[in-house]
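The block underneath contains the structure these notes are about, expressed in structure tokens.
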């Protein structure tokens, strides 16, 4: 039993809940006061280094979410196991947890290799992936700002494969994709807030991904959105240290061997 049962279908929730959660969570970060003491980059750096205005970022994110919604609708139609009454038998909680873990591993694997290849292939980086890196100083709303083709191949297709391989139902996918969205937004928020559970439980976090967006770190820390396993296994892991800036705030610095 879930709170939306009887109001909207699991499929509708699976399509729209991740979009709503994205804007609620990213909007929360956008509405916070400056919090300069917790920023990984100064506001001046954000203004000077970022090469795309907020309005264009918002349009890019909405376009990607439109594509994701269409693909999600198609997936749910193709994989529905509902009976004649429209009821889908849900697996037990332990099985759903296992499906979510499998989905996380599959999504991480797809995104690591696709993301890394987009950096290694000069044509793909110059014409496609560089759009995401126009936000040198990341912020929450820009988490899904990508070239439309990258949004399709990296995020949408990766999510679809994770859904199919794990065998999760539409109901389980609501939890999985909402969690993935929150984690992705948090990784791009640019703030190192005390008590942030993602910083406590995940090595792949805001500072970890910030290193990747810095010029010296673009060939490292490809892993996203959950774990850093592939970076560590394949030699692209770049550790960092957080230091206090003299003018206030924090800075994630590369720690090279």
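Using the three backbone atoms N, Cα and C, a Cβ is placed for every residue, glycine included.
Straight from TrEMBL, the features:
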- 101-236: domain 'Fatty acid hydroxylase' (DOMAIN)
- 12-32: transmembrane segment (TRANSMEM)
- 93-114: transmembrane segment (TRANSMEM)
- 135-154: transmembrane segment (TRANSMEM)
- 160-182: transmembrane segment (TRANSMEM)
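With a cut-off of 8 Å between Cβ atoms, the residues of this chain six or more beyond the transmembrane segment (160-182) that come close are 2, 9-11, 13-14, 17-18, 21-22, 25, 71, 75-76, 79-81, 88, 90-91, 96, 99-100, 102-104, 106-107, 110, 225-226. Each residue of the domain 'Fatty acid hydroxylase' (101-236) gets a DSSP state, and the totals for helix, strand and coil are 95 helix, 1 strand, 40 coil. Outside the transmembrane segment (93-114) by six or more residues, the chain places 153-155, 157-159, 161-163, 165-168, 172, 175-176, 179-180, 222-227, 229-231 with a CB less than 8 A from a CB of the stretch.
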